[in-house]
Amino acid sequence: MNIRYLAFLFLLLNMTYLLTGCWDRVEVNNLAIITAAALDKKDDKTIELSIQIFVPETSGKEKQNVATMGNENTQSPTLVESAEGVNFADAMLKLQGKISRKIFWGQNEVFIFGEQLAKKGILNELNGILRAVQPRERANLFISKGQAKEILKLNPVIDRNSAESIHKLVHAHTGLEESIIDTLQMMNGESKAVALPWIEILTPQDGRSSNVRMPYIHGTAVLKTDKLLGKLNAEATKGVLMIKNQAASGTITVKPKPEKGYLSAEFVKDKIKLIPQITKNHLSMKLQVQTEAIVTQNSTHLDVMNSHDLAKIEKELAKGITLQIRKALDQGQKKWKADIFGLADTFYRKYPREWKKYKKNWDSLYPNLKIDIQTKFRILRPGMTTENPKI
Amino acid sequence: MIERGKISALQMAMILHSTIAATALLAMPSVTMKYAHQDMWLSPIWASLGGFLIVWITFQLHKFYPKESFIEYVPRIIGRFLGSIFAFLYLFFYWIILGDIVREYGEFLITNFLAHTPYSVISGSMLLVCAYAVRGGVEVIGRSAQFFVPIVMPLFLIVLLLLIPDLKPQNMLPMFEHGLKPSLIGAIPPLSAFYGEFFLISFLYPYVSDKQNKLRWGIYSVLSVVWTMLLVSFSTLLIFGKVGAHLTYPLIGVARYISLADFLEHLESIVAAIWVLSMFIKMTMIYYALSLGTAQWLKLTDYRPLIFPIGILSLVLSIWTVPNLQVLSQFINSTGTIYFLLMQYLIPLLLLIVAYFRRKQNQKKVAEQA
């Protein structure tokens with residue numbers, strides 16, 4: 001009994017050896033938490049990977065400084081570091097060599113590709129990001145005007161860092177929201193084209209504080225397979241958002257024909273249905289749009305409270321929506337000839353057998369595809385006033 | 001009888017559920033998607049027919065020899081000499097399987113979570129825990145399954161529930177693009193590698209206490225595995241679409257994809273918890289079948305002295321037979337398929353036929369004598 005007891009004790013003591021080693025021990029204060037990453041083309045063979053690292057100690061004090069002293073020239077709470085390499089993995093390795101703390105990708109939700117790299121193609125780097133263990137499949141992708149690194153260096157005063165600004169912009173739905181997986185799905189799909197949000201730098205209006213510039217999403221980048229072709233402007237982006245069912249909110253302003261003023265409405269619900277049709281070897285597309293909105297400004301003589309006028313207003317607004325969508329479609333079909341709306345996939349899903357015939361010719365069919373837009377517009381509420389007060 | 005413990009039919013079903021679902025959760029979707037594309041959710045349903053078949057075959061065999069495990073009654077069916085060889089083939093088979101499973105367990109944790117921890121520590125410590133459970137016998141395994149399954153299932157459902165906002169049902173379309181063939185071909189890997197493991201039920205039948213419910217709970221556990229596989233297939237397909245075929249562990253990707261209200265994110269550790277808990281049951285079950293079977297084959301009075309040697313050998317085997325994950329998946333997709341089908345479907349079926357005719361002949365003899 002006594003010996004068994006001792007043996008047991010001996011075994012227990014031996015267990016403590018197992019507790020000493022922990023190979024994958026991670027301490028937060030040994031991590032360099034990445035908030036955003038940017039990839040740029042360096043030369044024909046190499047890329048430059050830049051990362052924005054959150055600097056935890058200063059950010060607390062920083063906020064206080066800004067709040068109490070209103071000092072604009074305070075130090076940035078983030079650090080931007082970059083390294084070159086032949087690909088993402090190589091650059092990542094070299095980047096780690098420059099930074100004392102262990103790089104941690106788990107919190108990064110923003111990947112920005114520079115214009116030049118995007119023209120060369122982003123698929124190889126996307127595959128590298130997906131294969132690496134830490135970066136997330138849900139991280140959002142962006143294309144930036146000029147060098148993507150510049151976006152990381154920005155220090156927007158209203159947010160902690162530019163990554164947070166971009167993240168918030170995405171959630172405001174002023175531009176597209178496309179994750180790595182969404183993008184790969186589009187590239188792997190039938191349409192072989194992707195639309196990604198386009199980032200530019202907003203310089204403040206008052207020249208005084210020119211060092212506080214902010215990133216903003218301004219338009220849509222058009223990629224065929226994985227190469228950047230060009231961009232759609234902000235106006236056409238509104239249409240793209242609607243077609244992709246990503247327009248959570250938005251406003252439309254129209255000028256009804258005989259009237260002099262403008263009419264604006266903010267939509268609260270916006271749903272679009274893409275209905276592909278194949279009849280007698282002829283491909284066509286029907287878009288059914290359903291929009292519900294609230295009137296936000298009315299400087300015309302039409303009365304929102306009058307049901308007769310209301311029908312007219314709704315018709316005019318529907319026309320405006322149709323026009324907005326048409327603009328986006330035209331740019332995609334005629335100007336860039338890239339199926340960024342995923343129309344090919346809708347054909348493939350509905351007519352898998354017939355699609356095999358058209359698949360090869362899609363590139364020539366798509367620019368001339370007849371697309372019929374049917375918009376139903378409904379005004380839910382007049383807003384806070386009924387008729388405009390008159391002078 | 002070496003094993004004196006008794007488990008309930010429910011415990012048996014829970015052990016089997018964890019045993020099959022554990023690896024199927026992580027490994028199955030990308031395999032079926034490779035062959036069946038967007039119809040991959042059908043494949044586990046087709047494959048489940050195999051699961052029902054095995055449960056039925058082993059139950060019929062069990063009815064012929066109610067108090068014996070597979071290793072014990074094989075010599076009774078086809079003669080002592082041939083039977084012993086066959087029994088050894090099965091022990092060898094489970095030995096390889098145990099090696100594979102140990103490797104898979106370690107590989108998953110190393111790839112996703114513990115990049116710098118040595119493989120032998122991860123797998124060795126798990127095998128040590130399993131060895132302890134195996135020493136406890138079938139009752140301990142049954143109880144740990146009963147304890148862990150109610151933890152694992154809600155965790156799994158939580159992951160799936162939080163995914164609902166991100167599901168894209170259009171990824172399922174077009175259905176049956178190339179007819180049913182792709183989904184049937186996609187059913188082969190789950191049929192051989194996953195549902196085939198239901199054969200382990202033949203080691204549990206003799207120790208189930210409520211005799212009436214044995215078959216019924218066996219079938220219930222096949223159904224619950226089908227259900228689990230369906231949920232995993234759907235979540236992978238509706239989130240990743242065809243890209244899912246390129247992911248090593250789609251379920252981890254799916255869990256990482258969760259993002260609710262900007263703070264409920266990064267939930268992959270839940271998947272790790274599910275994996276470790278169900279893999280514990282799985283490894284213990286195979287380990288137990290191997291230890292008990294070896295003792296029965298050698299006609300020993302106790303299987304406990306065999307546990308540690310078998311554990312150490314399995315750890316070594318997991319490094320020898322599976323140098324890396326690529327070799328393992330290649331094995332499962334090529335020779336492994338035939339091996340699994342042969343050992344878990346074909347031979348048991350032939351044995352059942354032989355046993356059936358033997359029984360008839362015996363009855364005739366008895367009738368003649370009378």
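Keep in mind that glycine also has a Cβ here, set from the backbone N, Cα and C atoms.
Under the heading transmembrane segment, TrEMBL lists B:12-33 (among others).
Distant neighbours of the transmembrane segment (B:45-65): 20, 72-73, 76, 183-184, 187-188, 190-192, 194-196, 198-199, 201-202, 205-206, 214-215, 218-219, 222-223, 225-226, 230, 344-345, 348-349, 351-352, 355-356, 359; these residues of the same chain sit at least 6 beyond its ends, with a Cβ under 8 Å from one of its Cβ atoms. Positions annotated as transmembrane segment by TrEMBL: B:45-65 (among others).
Per TrEMBL, transmembrane segment is recorded for B:77-97 (among others).
TrEMBL lists B:117-135 (among others) with the feature transmembrane segment.
Summarising the annotation, TrEMBL assigns transmembrane segment to B:147-164 (among others).
Residues annotated as transmembrane segment in TrEMBL: B:184-205 (among others). Remote same-chain residues near the transmembrane segment (B:184-205) are listed as 7, 12, 15-16, 19-20, 23-24, 28, 31-36, 39-40, 42-44, 46-48, 50-51, 54-55, 58-59, 61-62, 69-70, 97, 138, 214, 218, 221-222, 225, 229, 285-286, 288-289, 292-293, 332-333, 336-337, 340-341, 343-345, 348 (criterion: CB distance under 8 Å, separation of at least six residues from the stretch ends).
Look at TrEMBL and you will find B:217-240 (among others) tagged as transmembrane segment.
For B:270-290 (among others), the entry in TrEMBL reads transmembrane segment.
The transmembrane segment annotation in TrEMBL covers B:302-322 (among others).
Annotation source TrEMBL lists transmembrane segment at B:337-357 (among others). For the transmembrane segment (B:337-357), the list of distant contacts is 50, 53-54, 57-58, 60-61, 64, 74, 77-78, 86, 89-90, 93, 188-189, 191-193, 196-199, 202: same-chain residues at least six beyond its ends, Cβ to Cβ under 8 Å.
Counting C-beta pairs under 8 angstroms (sequence separation of 6 or more), the transmembrane segment (B:12-33) reaches the transmembrane segment (B:217-240) with 3 or more such pairs.
By the Cβ criterion (under 8 Å, sequence separation of 6 or more), the transmembrane segment (B:117-135) is not in contact with the transmembrane segment (B:217-240), since fewer than 3 such pairs are found.
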